[in-house]
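Asker: Positions annotated as compositional bias 'Basic and acidic residues' by TrEMBL: B:459-469. Taken from TrEMBL, the feature domain 'Oligosaccharyl transferase STT3 N-terminal' covers B:14-414. Look at TrEMBL and you will find B:562-618 tagged as domain 'STT3/PglB/AglB core'. According to TrEMBL, the feature transmembrane segment maps to B:12-36, B:80-100, B:112-132, B:138-155, B:167-184, B:196-221, B:233-253, B:265-287, B:299-321, B:357-376, B:383-401, B:492-514 (among others).
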Amino acid sequence: MRNLNILLLFFLVILLSGFHIESKSTTGDRVLVLLDKEADKILYKKFFATLEKENKLSYKLPTDSSLDLFEFGERKYDHVINFAPKTKKYVDKVNPLSLIKFMNSGGNIILATTSKTSENIRDFVREFDIEIDDKDTFVIDHFNYDISDEGKHTLVIIDNNKGNSDDSITNNPAILSKKVIEGSPILFRGIGHKVGSSPLLAKILWGRNTSYSYEVRGEDQKSIVDQEPFISGNNIGLVTALQARNNARITLVGSLDFFSDRFFDSPVHNVITSEKFPKSGNEDFAIDLVKWTFQKKGVIKVTSRQHHKEGETEQLETYRIKDNITYTIEISEYANDQWQAFNGTDVQFEAIMLDPYIRKTLTPLPVTSSPDSESRKFITNIQLPDVYGVFTFRVNYKRPGYTYIDDKSVVAIRPFRHNEYPRFISAAYPYYTVTASMIVAFLTFSTVWIFNEDSSIKNKMKKTN
Amino acid sequence: MKVLGLDTQNLSALLKVVILGLIAAVALASRLFSIIRFESVIHEFDPWFNYRTTRFLVANGFYEFWNWFDERSWYPLGRVVGGTVYPGLMVTSATIYNILRTLNFTVDIRNICVLLAPLFSAFTSVAAYLLTSEIKDSSAGLLAAAFIGVAPGYISRSVAGSYDNEGIAIFLLLFTFYLWIKALKEGSAYWGALTALFYFYMVAAWGGYVFIINLIPLHAFTLILMGRFSSRLYVAYSSFYILGTLMSMQIPFVGFQPTRTSEHMAALGIFGLIQIIAFVEFARSYISSNQAQILFKSFVVLSFVGMLSGLVLLTLGGYIAPWTGRFYSLWDTGYAKKFIPIIASVSEHQPTAWPSFFFDLEMLIFLFPAGIYLCFKELRDDHVFLILYGITASYFAGVMVRLMLALTPVVCVTSAIAISRLFDIYLKLDDTDKDNTSAKNNKPAIEKSNTSAKSNKSAIEKSSRKGDASRSTSSSTSKSSEKKKKSEQFRILGFDTRILVITNFFFFLVIFTWHCTWVTSNAYSSPSIVLASRQADGSQYIIDDFREAYYWLRKNTDYSSKVMSWWDYGYQIAGMADRAVLVDNNTWNNTHIATVGKAMSSSEDVAYQIMRRHDVDYVLIIFGGLLGYSGDDINKFLWMIRIAEGVYPNEVREVNFFTPRGEYRVDDEATPTMRNSIMYKMSYYNYNELFGGQGQDRVRGARIPADKIKLDTLEEAYTTENWIVRIYKVKNLDNIGRSLEQAGAFELGKKKRKRVKRAN
């Protein structure tokens, strides 16, 4: 009896712990943290503490020769946090080439830069079509700086989203939660970058209209703006993300201080507008950024897909032209640490043979009664085109912030079989009549011919015989 | 005189059967070189499609075959195989297969396919025997059978493994002609219907049936013009045309063509004409005035003119399809090159070079005119047919290499007539001692002609009035029989003269067989998917790169992969590698082929777009530079460019591939367009590295430019032992959104260009 109790308890514990798994990433929880110096760890204590709740962090210097992102060809880490922008020379195992290989095999990266960012990092981000501004430049805003700024106006305040044209923060719910978008302003001190035109890039935080990026000299020197800044205003990228085609994510944050405990805890006091907030929005923002980058949110997937003739259930590989078919796809989204029904309404279906012949928005069905339903069905009824060939049924759903869905199923659409045409055509009735009357006439004629004795023939036969 | 208890008549019949059987055996056996040399394997290109469809037919039954929509060729368009194929060949082998199965002979379908053409060539020799015996006599028939059995012109398309439509079609062609001659002679609807039946089989088997449906009306028309219209012609032609046309329309690929296209209009027109003439003849027998005669004649001429102009009007109105390009290219050999490069690009559609006439027919080509001359001397209805066949076929054979095949039978038949005539004269051993066999052989023939002449006369007498034409006919036949008698009187008596001529011809015949065997074994027995060469020590060295590559595709790529290659290899890839292809040897969609041509002749960027759009996973090319295999893609490249230019004249230009001096080069002087085309890049990718310097192209005798060829959108997946087949994999889009060129440069350690620093 006691044994049984222990056993039950044991199961209960397992069950509970199963339920209790916290915000687990859909890809993994092994994180490599690269730091310029061991001592830097203390600066970002709070940030790392939040991470350590859910992940296994290993701290390394990029000069550590034992460092390797791969082991036996497999990824050793699921995510990399690169807080070492100043180190000039990385070991080969974490050079830009390896980091891109790491992403190509599905790893995610958070990269923070400062005004002292090394050429190494610049080369790396250039591959993503991002150009970091020159060394020693800062993002400067004379109209939105915090009271604790040291006189150069480089500690800028990025306001929360007010729905203005002047917004400098994305309102994409897939990346940032409502709390962050509408929460306290964000403190930023660091370098800006120029965001290229690659369609895979998504801007998350960018400079305000009044900001510009320029070189800041030492205390004593006055910096005169005598040249067109490389980037200014809305064109300054502060936080930019790229989601690769294999859904691996990289987030570039222009400020390393952004993650520091000092910024996390600092109150915000805008000198010009004298707006005050007890605590900056940096911590919440950072958490969301990590969540998104580590694939804990904004992740959607296809759980099942089916197509069949209307009124049937069997999925066929070959349909006939002009068949009516039903196409269903189930999509679930990873949110709040579990898979749940995806709420999008703009999922489209395409039937493609070189060009799309049909493009139709799928109707989302209400989630079935059971609350633990993990996905939502999207459904449509279509009539296949009157063209035979090999068609690709494709759902190509690519929205910023969400992982990509590109679901393809290839079916052949064949022409009518020989016995699928109408047997009798009304237009052809005259011909049927002609044929029938011809048959009758032929038979009659032959009968008459055979049974009618012709004397002349008889005579002839006699002659020849 | 009795031998083995048989009298001479039976004995000669027995001998004929034995000889014919031996000829058939020789015909079959001499086609087996390829199996002995290589193995029992399907040859070349088209046979692979036929083989694949036959397997499908055997596995899935006739109705599935009939409705087969093949989604694995012409990706993504697909091909309606049932409606675009001449099913005769497949159905024939499937029938043989099923019969053998029911008899519990579990033969592999492949072996049936491999041996089908030799089997039917044995039948062909029998058909040639029947046809020639009908026209001359059985000894000429035996000669014709022997000739057709070994003539290289026919063997070239019917060796074991050459599983193509022509393999059975030549038998059907000859047999249909035999039945037509028979029907015309007998004037019987029964034989006419049989002609129609075999015509139907021919329609089911080969597109060359158009030759029959034009030649027979031409024969009928010529006979009418010669004033030889008779009720026999009427019965034979009408029964053949009506039944044949109705039956031919049952083949889905033919469908309504017999009523819709110009190719079939001659037959229809003659059918109408013959009805009118028959009616006029009938009416003439009741009315006798001279004015009425003129009226009738003008009625016939007018209706003929009326029908012709009606045909022209209907063609202009679009109700009747005009002649297809393939037919125009028969009249104007330059036509295809100008307007339809896809037809001109096929080597077998090129005009024939004169040596190949001798190569394929040897001495028969010299005897052919002699045979035609002998036909003119007698000029019975069947001789007219033979003359017409000879003239048209020799014209077509001169225009297209491939139609040598249609010429070969008539050459064999006419030369057999010529030689047998020669032997008739020179081999009569003893005219004083009348040799029984020869007398008996000749007598029935003479009697027959006499009786036929008689019956002709009586028929003519019966119809009270007769035209001058028919009178002249009867006189000509009687004249010819007189001539025959005369010529029989001319006997060569001198023993030495005979010996001289006969030894000579015996020598010729031996040389002929020698030549045929040599040609068969050396030129026509290579399967072309396996190449053979000699090593220094004389031993055979097999080059098996094609199958190596196809097997690699089959085993190492995903089943749903799509392979892009030039259309020549489509059937083989589908058959051997079992992978979906973009284009194949059934060149039904010129645009699709031109798209592939454009991809091959464009730069990487353009080609990559096309390949992505068509979901291409692998690109397969043939490269002969290392081995000196001249049938490779670089040599075919100009055709790809031409075909692509026909559809995309603004994007592909042939001029850009020629040097300023108008040369087609691959070495240092090659034009930039040439060097940037992916075909060039794929062919010579890593080629210099093989030589450790500048590569040497052994086909074009050129040195390849020394600079390294860079491929960004494709990566080499496989290259066969002798580099004949090279397979490239199409890369995916770059994962982080760069262009593949940039990604490639990055992999090589090249950094992106930095922006210019701000001057301080």
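Every residue gets a Cβ built from N, Cα and C, even glycine.
What you see is a predicted model, and the numbers here were worked out from it, not measured in a lab.
So that I understand the layout, could you describe where these features sit and how close they are to other parts?
Answerer: Per-residue pLDDT, averaged over the domain 'STT3/PglB/AglB core' (B:562-618), rounds to 91.
Here the transmembrane segment (B:112-132) has Cβ contacts under 8 Å with residues 20, 23-25, 27-28, 31-32, 35, 40-42, 47, 50-51, 54, 89, 92-93, 96-97, 100, 138, 140-149, 154-155, 157-164, 167-168, 170-171, 174-175, 177-178, 181, 409, 412-413, 416-417 of the same chain, all six or more residues outside its ends.
Proximity of distant same-chain residues to the transmembrane segment (B:265-287), defined by a Cβ-Cβ separation under 8 Å and at least 6 residues beyond the stretch ends, is recorded for 213-214, 216-218, 220-221, 224, 229, 231, 233-234, 237-238, 241-242, 245, 258-259, 293, 296, 299-300, 303-304, 307-308, 311, 320, 463-465.
Listed by sequence, the residues of this chain that lie at least six past the ends of the transmembrane segment (B:299-321) yet keep a Cβ under 8 A from its Cβ atoms are 257, 260-262, 265, 269, 272-273, 276-277, 280.
If you look at the transmembrane segment (B:492-514), the same-chain residues 6 or more away from its ends with a CB under 8 A from one of its CBs are 150, 362-364, 419, 422-423, 425-427, 431.
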Asker: Go through the chain and flag residues at least 6 beyond the ends of the transmembrane segment (B:233-253) whose CB is under 8 A from any CB in it; none is fine as an answer.
Answerer: 66, 82-87, 180, 183-184, 186-189, 191-193, 195-197, 199-200, 203-204, 209, 213, 216-217, 220, 223-224, 264, 267, 270-271, 274-275, 278, 381
Asker: Output the single range from B:12-36, B:80-100, B:138-155, B:357-376, B:383-401 maximising the number of Cβ pairs under 8 Å to the transmembrane segment (B:196-221).
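Answerer: Between the stretches B:12-36, B:80-100, B:138-155, B:357-376, B:383-401, B:80-100 has the largest tally.
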Asker: Have the transmembrane segment (B:138-155) and the transmembrane segment (B:12-36) got at least three CB pairs under 8 Å, pairs 6 or more apart in sequence?
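Answerer: They are in contact.
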Asker: For the transmembrane segment (B:357-376), which partner among B:12-36, B:80-100, B:167-184, B:383-401 gives the most CB pairs under 8 Å?
Answerer: B:383-401
Asker: Hey, which bits of the same chain come close to the transmembrane segment (B:80-100), Cβ under 8 Å, at least six residues off its ends?
Answerer: 50, 53-54, 57-58, 62, 65-70, 106-107, 109, 112-113, 116, 163-165, 167-169, 172, 201-207, 251-253, 586, 588
Asker: Near the transmembrane segment (B:383-401), which residues from the same chain, at least 6 beyond its ends, have a CB less than 8 A from one of its CBs?
Answerer: 135, 177, 180-181, 184, 211, 215, 218-219, 222-223, 226, 329-330, 333, 347-352, 356-357, 368, 371-372, 375-376, 407, 410-411, 413-414
